Amino acid sequence: MGIHGLAKLIADQAPSAIKEQDIKNYFGRKIAIDASMCMYQFLVAVRQDGNVLQNENGETTSHLMGMFYRTIRMLEHGIKPVYVFDGKPPQLKSGELEKRGERRAEAEKLLAQAQEAGEQENIDKFSKRLVKVTQQHNDECKKLLTLMGVPYIEAPCEAEASCAALVKAGKVFATATEDMDGLTFGTGVLLRHLTASEAKKLPIQEFQFTRLLQDINLTHEQFIDLCILLGCDYCGTIKGIGPKRAIDLIRQHGSIEEILENIDSSKHPAPEDWLYKEARGLFLQPDVVDCSTVDLKWSEPDEDALIQFMCAEKQFSEDRIKNGCKKILKSRQGSTQGRLDTFFTITGSLSSKRKEPETKGSNKKKQKTGATPGKFKKGK
């Protein structure tokens, strides 16, 4: 689910923290990808006849097709993807998972009614609501990635939290997910629409976390409290508090505790036994992968094993799989060229108070080449 209304709130309150990017701008970047979100995207994708992709045995294979081709697309653009799979959900998420189960049961009833009435639009709509990523989907995608030579990580808990930890540790450049709670976990850069279908022609949205906090004038802890007020997976929220009011209250009072002290509880009651402190703790100190043990390596695809798995077992076209292998190998040859900015380290900006020896035209040169940390161009 992520954080309710956070993307729109950022667009309204801190638009310069968002940039629209083309995939080619991430050449040479290592990016941690929320695997569950990807698989869900692939599973809800349908063919023109309205059916999910299946093999002759009736097994769903759309997750494998999506994982294969979207991964190749990233590799062709010089991106080094690492997929991060969800581990065991935290206990606090049990309430949200229970609600999802109830929504699935309701969707099953509505689907049956739509099928009886022959309403194709509603059949498609409610069928998508019943899509669930299973352990088999996870295992098959892990096998596929291994055969493609692409690394993956099994997170101990939430994938987005481990993605954020990898970014903080400098192992990868960004987190790629559609869920905005990657920012709540503190990822320095969050990318949306990286794994979206090319047919949708969606520009990649790049969120800069440091710039976001600067623009909304909140600390990370205050931002977490804001996200809890907006609505997250771990607990309820105060009734009748919308996004604009939530950020105003955090700016005014600084924390949920102070808000509860000053708000009219008869108009805006908090949930009974509200576990906001526990939710805050999960965002601040999540259970994540030990980044010091992570050694990311991309290798050549195992073409024979890929053909056995994808063609003999899953009945994909052998020509297409072979062609995909050629693209992976070609991308590996191109990826030996690094990003120019990886050869330099910015150690800090020059102090304006410090006098430097001046030569003719030096002021102009400084203006052209000087870099100030934390400044980004507003996306078009």
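Keep in mind that glycine also has a Cβ here, set from the backbone N, Cα and C atoms.
Residues Asp179, Asp181 are given by Swiss-Prot as Mg(2+) 2 binders; from Asp139, Asp215, Asp225, Asp233, that same site also lists Asp233. Swiss-Prot lists Asp34, Glu158, Glu160 as Mg(2+) 1-binding residues, and of the candidates Asp12, Asp86, Asp248 the one it assigns to that same site is Asp86. Cross-referencing 300-308, 318-326, 336-344 with Swiss-Prot places the feature region 'Interaction with PCNA' at 336-344. You'll find the Cα of Asp179 (Mg(2+) 2 binding site) roughly 13 Å from the Cα of Gly231 (DNA binding site). The DSSP secondary structure for Arg70 (DNA binding site) is helix. If you measure from the Cα atom of Asp86 (Mg(2+) 1 binding site) to that of Asp233 (DNA binding site), you get 14 Å. Sequence-distant neighbours of Glu160 (Mg(2+) 1 binding site) (same chain, 6+ residues apart, CB-CB distance under 8 A): Asp34, Thr175, Thr177, Asp179, Asp181, Gly182, Phe185, Thr187.
Between the C-alpha atoms of Asp233 (DNA binding site) and Glu158 (Mg(2+) 1 binding site), the distance comes to 11 Å.
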